[in-house]
Amino acid sequence: MFGKKNLKWLGVVATLMMTFVQLGGALVTKTGSADGCGSSWPLCHGALIPEFFPIDTIIELSHRAVSALSLLMVLWLVITAWKHIGYIKEIKPLSIISVGFLLLQALIGAAAVIWQQNDYVLALHFGISLISFSSVFLITLIIFSIDQKYEADELYIKKPLRRLTWLMAIIIYCGVYTGALVRHADASLAYGGWPLPFHDLVPHSEQDWVQLTHRIMAFIVFTIIMITYIHAVKNYPNNRTVHYGYTAAFILVILQVITGALSIMTNVNLLIALFHALFITYLFGMTTYFIMLMLRSVRSDKQ
């Protein structure tokens, strides 16, 4: 059960499960299904199996079930990884972070159901689950990197790219928070057209300000990632890890901008909104991978 041969498929399945947790949370918010089980948690309408199954109850129950299964899968993964590749420096802290933040995510979700938190607190939920996802994602990448098909272990990232990548990570996380706040504050269609309502640029409500703030953050995120991408491919032309990694990040942020614009133009089409959540999830995951490589470079500086 905890054999080393299980590591790769466990990593892939756990990463996919955590992806579904992210998408499930976005689906719950987008469809207004957060109250699908009333104010009961972990029960649903005070029962293990509710009497009726309207669509909002099905969505909320499905999200809870996937979250519970993902916790079990992540526990299986981290125990197996700790046992067999715990000698790799990042495995143990990533294991603790992945489980800890997954539990914290569940507690915040439960608190939201029971005590009806305000929008600004609820917006933290997606960001916390994103940290847990990224930890599982990194464990999986480490497992596959043991084969040494890429030169990531020998990669040395210099200070300019390190600074840009740290800035990129911070800005992305701020963008994630404002995006989650847009969903929770019901501001997806606020502040008129995209990119700006040129007939009336002045925000007139809290929702307008939330939406405008997110658009400004999205523009900053795109700009920072574009600058970082250009710097990376220009200064590390022969390193596949940097070249492919930062190219993937730039493609993901382009897709993120496109789906964000289409969400507004289509009056928040559900499928487009879910892709919007998917792209930012993997963009942040890629960024944490760059940070892990950077920290290895910092350690090599000290040695």
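Placement of Cβ uses the backbone N, Cα and C atoms for every residue, glycine included.
Residues or ranges marked as heme o binding site in Swiss-Prot: His63, His125. Of all Cβ atoms in the protein chains displayed, 24 besides its own lie within 10 Å of the Cβ of His63 (heme o binding site).
Swiss-Prot lists His214, His276 with the feature heme b binding site, giving sequence analysis as the kind of evidence. Cβ contacts within 10 Å of His214 (heme b binding site), excluding its own Cβ and spanning all protein chains shown: 26.
Under the heading disulfide bond, Swiss-Prot lists Cys37-Cys44. The secondary structure of Cys37 (disulfide bond), as reduced to three states from DSSP, is coil rather than helix or strand. Counting every protein chain shown, the Cβ of Cys37 (disulfide bond) has 23 other Cβ atoms within 10 Å.
Broken down by DSSP into helix, strand and coil, the topological domain 'Cytoplasmic' (1-8) contains 5 helix, 0 strand, 3 coil. Taken from Swiss-Prot, the feature topological domain 'Cytoplasmic' applies to 1-8 (among others).
If you average pLDDT over the topological domain 'Extracellular' (30-67) in this model, you get 86. Annotated topological domain 'Extracellular' per Swiss-Prot: 30-67 (among others), in sequence order, evidence recorded as sequence analysis.
Annotated topological domain 'Cytoplasmic' per Swiss-Prot: 89-93 (among others), in sequence order.
Among the features that Swiss-Prot reports, topological domain 'Extracellular' is placed at 115-125 (among others), with the record citing sequence analysis.
What Swiss-Prot lists as topological domain 'Cytoplasmic' is 147-163 (among others).
Per Swiss-Prot, topological domain 'Extracellular' is recorded for 185-215 (among others). Counted with DSSP, the topological domain 'Extracellular' (185-215) comes out as 10 helix, 0 strand, 21 coil.
Residues or ranges marked as topological domain 'Cytoplasmic' in Swiss-Prot: 237-244 (among others).
Below 8 angstroms of C-beta separation, residues 27, 30-31, 188-189 of the same chain, each at least six residues beyond the ends of the topological domain 'Extracellular' (266-270), sit close to that stretch. The topological domain 'Extracellular' feature in Swiss-Prot is assigned to 266-270 (among others); the stated evidence is sequence analysis.
Annotated topological domain 'Cytoplasmic' per Swiss-Prot: 292-303 (among others), in sequence order, evidence recorded as sequence analysis.
Look at Swiss-Prot and you will find 9-29 (among others) tagged as transmembrane segment. With a threshold of 8 Å between CB atoms, the same-chain residues lying at least 6 positions outside the transmembrane segment (9-29) that come near it are 36, 59-60, 62-63, 66-67, 69-70, 73-74, 76-77, 80-81, 105, 109, 125-126, 129-130, 132-133, 136-137, 139-140, 143-144, 180, 183-184, 270, 273-274, 276-278, 281.
Look at Swiss-Prot and you will find 68-88 (among others) tagged as transmembrane segment, backed by sequence analysis.
Taken from Swiss-Prot, the feature transmembrane segment applies to 94-114 (among others), supported by sequence analysis.
As annotated by Swiss-Prot, transmembrane segment applies to 126-146 (among others).
Within the chain carrying the topological domain 'Extracellular' (30-67), a Cβ under 8 angstroms from the stretch's Cβ atoms is held by residues 17, 20-21, 24, 102, 105-106, 109-110, 112-114, 116, 183, 268, 270, 273-274, all 6 or more beyond its ends. Listed in sequence order, the residues of the same chain lying 6 or more apart from His125 (heme o binding site) and placing their CB within less than 8 Å of its CB are Gly25, Gln105, Ile108, Gly109, Ala112, Ala180.
Note: the Cα of His63 (heme o binding site) and the Cα of Cys37 (disulfide bond) are spaced 11 Å from each other. For His276 (heme b binding site) paired with Cys44 (disulfide bond), the C-alpha to C-alpha distance reads 29 Å. Most Cβ pairs under 8 Å with the transmembrane segment (164-184) belong to 271-291, among the candidate stretches 68-88, 245-265, 271-291.
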